[in-house]
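Database features, via TrEMBL:
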{"type": "SIGNAL", "residues": "1-23", "note": "signal peptide"}
{"type": "DISULFID", "residues": "Cys74-Cys155", "note": "disulfide bond"}
{"type": "SITE", "residues": "Arg101", "note": "site 'Transition state stabilizer'"}
{"type": "ACT_SITE", "residues": "His105", "note": "active site, proton acceptor"}
{"type": "BINDING", "residues": "Asp106, Val109, Gly111, Asp113, Ser115, Glu128", "note": "Ca(2+) 1 binding site"}
{"type": "DISULFID", "residues": "Cys107-Cys112", "note": "disulfide bond"}
{"type": "DISULFID", "residues": "Cys161-Cys367", "note": "disulfide bond"}
{"type": "BINDING", "residues": "Pro203", "note": "substrate binding site"}
{"type": "BINDING", "residues": "His233", "note": "heme b binding site"}
{"type": "BINDING", "residues": "Thr234, Asp281, Thr284, Asp289", "note": "Ca(2+) 2 binding site"}
{"type": "DISULFID", "residues": "Cys240-Cys269", "note": "disulfide bond"}
Amino acid sequence: MAYSTTTVALQIVGLLLVVLAAAAPASTTGSAAHVNTSCVTGSAGASVSIGYGGARASAGAGVSLGSGVYRATCPRAEEIVRAAVERAVAADPRMAASLLRLHFHDCFVNGCDGSVLLDDKPPFFVGEKTAVPNVNSIRGFEVIDAIKAELERECPETVSCADLLAIAARDSVVVSGGPSWEVEAGRKDSRTASLQGANTNLPAPTSGVATLVQKFRNVGLSAEDMVALSGAHTIGKARCTSFSARISGAAAGAASNDLTFLQSLQQLCSGSTGSALAHLDLATPATFDNQYYINLLSGDGLLPSDQALASSPEGAVPGTDDDDVASLVAAYAFDASVFFQDFAESMLRMGRLAPGGGGDGEVRVNCRVVNSSS
């Protein structure tokens with residue numbers, strides 16, 4: 001789809017006064033990490049490097065996360081993951097979004113514990129892969145298998161599958177032109193999974209702002225984290241079944257500024273059974289940038305849950321979630337470096353979500369199954 005630079009610029013400038021008045025902060029939750037501004041340009045593909053100087057964070061359940069965890073025990077771990085992610089994305093650009101999504105779907109169900117990777121073993125065990133938000137949706141398991149096999153050859157039973165997902169997610173963002181941050185590691189892999197948790201905790205593509213905010217708060221994340229992490233939809237694709245509610249808007253008479261966009265989606269999906277794929281960001285589909293938020297201001301968000309972020313309900317009270325969400329969308333559309341900073345910090349906070357129950361966990365040899373000696 002072609003985008004009018006003038007139209008987008010006017011929309012952003014028109015909202016700039018709102019952003020400045022709301023003083024949308026560069027880092028909205030917690031203390032700001034240092035940003036290496038020498039490599040920030042505010043354009044697509046700009047990179048932000050965030051380091052934490054070896055600081056450690058508690059992930060609960062007796063797990064302590066920190067940087068450089070594998071420096072002594074598996075010094076090539078991150079190098080191995082990075083090279084494998086680069087190869088996988090070169091072969092299939094969509095894989096960057098798929099690996100990033102795996103980490104998100106893992107962390108939102110009982111914390112970041114690698115549970116999303118466990119295969120079903122009916123009738124004895126049913127995991128998370130067949131949950132409604134995951135089935136025919138999450139992918140990239142073969143890539144994770146290959147990376148894990150290489151890690152096991154290099155340093156057996158050392159790097160957990162949960163940490164592998166966190167590192168691969170970061171590298172997927174970087175290889176797509178997005179920000180970099182120092183991944184905190186030290187997670188253990190769970191010995192179980194939760195189908196019910198996956199069905200309950202993961203946001204649906206039809207969710208409104210209130211539901212999205214509540215889903216994030218349920219796991220300990222904020223409305224600001226929700227807006228920043230939604231920016232992951234600047235890469236990747238979605239099936240027609242995920243945005244059918246947006247298509248129905250074209251038939252129902254959508255606003256003139258997004259009618260053409262919705263009609264193009266209707267044409268794409270009309271000849272399929274719902275399995276056709278559309279880019280989440282039609283303008284720069286393989287680049288991790290802030291175009292996602294610019295699209296929302298133009299009415300060109302693909303998923304209903306995405307487009308909802310750009311709309312402050314009439315009568316929204318300043319300082320409330322509805323008002324803050326729309327202001328953050330405008331701030332991120334105006335300045336990619338602000339988005340990159342907040343996204344990296346929100347990824348770190350999400351990565352600290354801890355498994356409940358206080359189990360010790362393990363380091364799986366095969367990410368698809370628990371260790372046989374467990």
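Cβ coordinates are placed from backbone N, Cα and C, and glycine is handled just like the others.
Where TrEMBL records a feature, it is marked here on the structure.
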{"residue": "Cys74", "record": "disulfide bond", "Cβ contacts under 8 Å, 6 or more apart": "Leu151, Glu154, Cys155, Thr158, Val159"}
{"residue": "Arg101", "record": "site 'Transition state stabilizer'", "Cβ contacts under 8 Å, 6 or more apart": "Ile138, Gly140, Ala232, Gly236"}
{"residue": "Asp106", "record": "Ca(2+) 1 binding site", "Cβ contacts under 8 Å, 6 or more apart": "Cys112, Asp113, Gly114, Ser115, Val116, Leu117, Ala162, Leu165"}
{"residue": "Cys107", "record": "disulfide bond", "Cβ contacts under 8 Å, 6 or more apart": "Val219, Met350, Gly351, Leu353"}
{"residue": "Val109", "record": "Ca(2+) 1 binding site", "Cβ contacts under 8 Å, 6 or more apart": "Ser115, Val116, Glu128, Ala193, Ser194, Gly197, Ala198, Asn201, Leu202"}
{"residue": "Pro203", "record": "substrate binding site", "Cβ contacts under 8 Å, 6 or more apart": "Pro133, Thr211, Leu212, Lys215, Phe216, Ser305"}
{"residue": "Cys269", "record": "disulfide bond", "Cβ contacts under 8 Å, 6 or more apart": "Cys240, Ser244, Ile247, Ala276, Ala278"}
{"residue": "Cys367", "record": "disulfide bond", "Cβ contacts under 8 Å, 6 or more apart": "Gly114, Leu117, Leu118, Phe141, Ile144, Asp145, Lys148, Cys161, Leu164, Asp189"}
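For the binding-site residues listed here (Asp113, Asp289), the lowest count of other CB atoms within 10 A around the CB belongs to Asp289.
Taking CA atoms as the reference points, Asp289 (Ca(2+) 2 binding site) and Gly111 (Ca(2+) 1 binding site) are 27 Å apart. If you take the C-beta of Asp281 (Ca(2+) 2 binding site) and look for same-chain residues 6 or more apart in sequence within under 8 angstroms, you find His233, Thr234, Ile235, Gln291, Tyr292, Asn295, Leu302. Summarising the environment of Thr234 (Ca(2+) 2 binding site), the number of other Cβ atoms within 10 Å of its Cβ, over all protein chains shown, is 30.
Around the Cβ of Cys155 (disulfide bond), a 10 Å sphere holds 15 further Cβ atoms from the protein chains shown.
Cβ neighbour count for Thr284 (Ca(2+) 2 binding site) (all protein chains, 10 Å cutoff from its Cβ): 21. Residue environment of Cys112 (disulfide bond) contains 31 other Cβ atoms, counted within 10 Å of its Cβ in all protein chains.
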